[in-house]
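I have placed the structure first, in the form of structure tokens, so that the comments after it can refer back to it.
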Amino acid sequence: MKLLCIISNPKPLEKSYGRRMTEVFLDEYRRNNPSHQVDVIDLYASNYPVLNYTEIESAREGSKGRMVEEAEKFKSYDKYLVMAPMWNLSVPSILKSYIDHIIVSGVTFRYTKYGIPKGLLSNKKAFYIGTRGGAYPFPASVFAFDLKYIKFVLKFIGVRNFKSFLLENIDKNPEKTEDSFSKKLEKLRLHARNF
Ligand SMILES: Cc1cc2nc3c(=O)[nH]c(=O)nc-3n(C[C@H](O)[C@H](O)[C@H](O)COP(=O)(O)O)c2cc1C
């Protein structure tokens, strides 16, 4: 069993709630699944590139460029842990760049003869750790695109087993966030045990 963790926050560990939550989740996961392989892609640390013309053309022509390689690598995992802060109602653009590389026709999805896209991943699981400076209860949830986008794009490629954990009001109410953080981590550990 292989788990891929995708981190998209430029802050160092001690300054980022999302990174700390991800560490706790992975520690708990490793403790409960010592035989599983866990790999981490830190998109900022690796200066993950934006998609360029050469890559789009090689994927379109069916040759093995970075897109196909990245998509095949992504597909080889059984579980995905995605972490992102909400930035301008969505996720950081570096995570979008990663997603642009792994959504590849013929690898992670295909078109049916009726032109309908169909996900090519099956029996996969994903967990999303999202952090937000404010809170988005309904009706504001309608324009909270971070969680919605990640959930939908994973569903598009066939990952239907999706769960999420959000930490909201981090900037709006920093004291309360810090005070209640250890309780939140306990809940998160429970998710990690069941993942
Ligand atoms: C460029 C930028 C844009 C942001 N946009 C939003 C936003 O649209 N909504 C929101 O609630 N918080 C926003 N925030 C606040 C972050 O979501 C928040 O600081 C972060 O999730 C905290 O988690 P972290 O400690 O892991 O970074 C933004 C922060 C930055 C740096």
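Even glycines carry a Cβ here, placed using N, Cα and C.
Record features (TrEMBL):
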- MET86, TRP87, ASN88, LEU89, THR131, ARG132, GLY133, GLY134: FMN binding site (BINDING)
- 1-189: domain 'Flavodoxin-like fold' (DOMAIN)
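Scoring each of the binding-site residues (MET86, LEU89) by how many neighbouring Cβ atoms lie within 10 Å, the top position goes to MET86.
Considering only the residues assigned to FMN binding, MET86, TRP87, ASN88, LEU89, THR131, ARG132, GLY133, GLY134, the longest pairwise Cα distance works out to 12 Å. Each residue in PRO85, ALA144, ASP146 lies on the same chain as MET86, TRP87, ASN88, LEU89, THR131, ARG132, GLY133, GLY134 and has a C-beta within 8 Å of the C-beta centroid of that FMN site, without being one of the site residues.
Counting every protein chain shown, 9 other Cβ atoms lie within 10 Å of the Cβ of ASN88 (FMN binding site).
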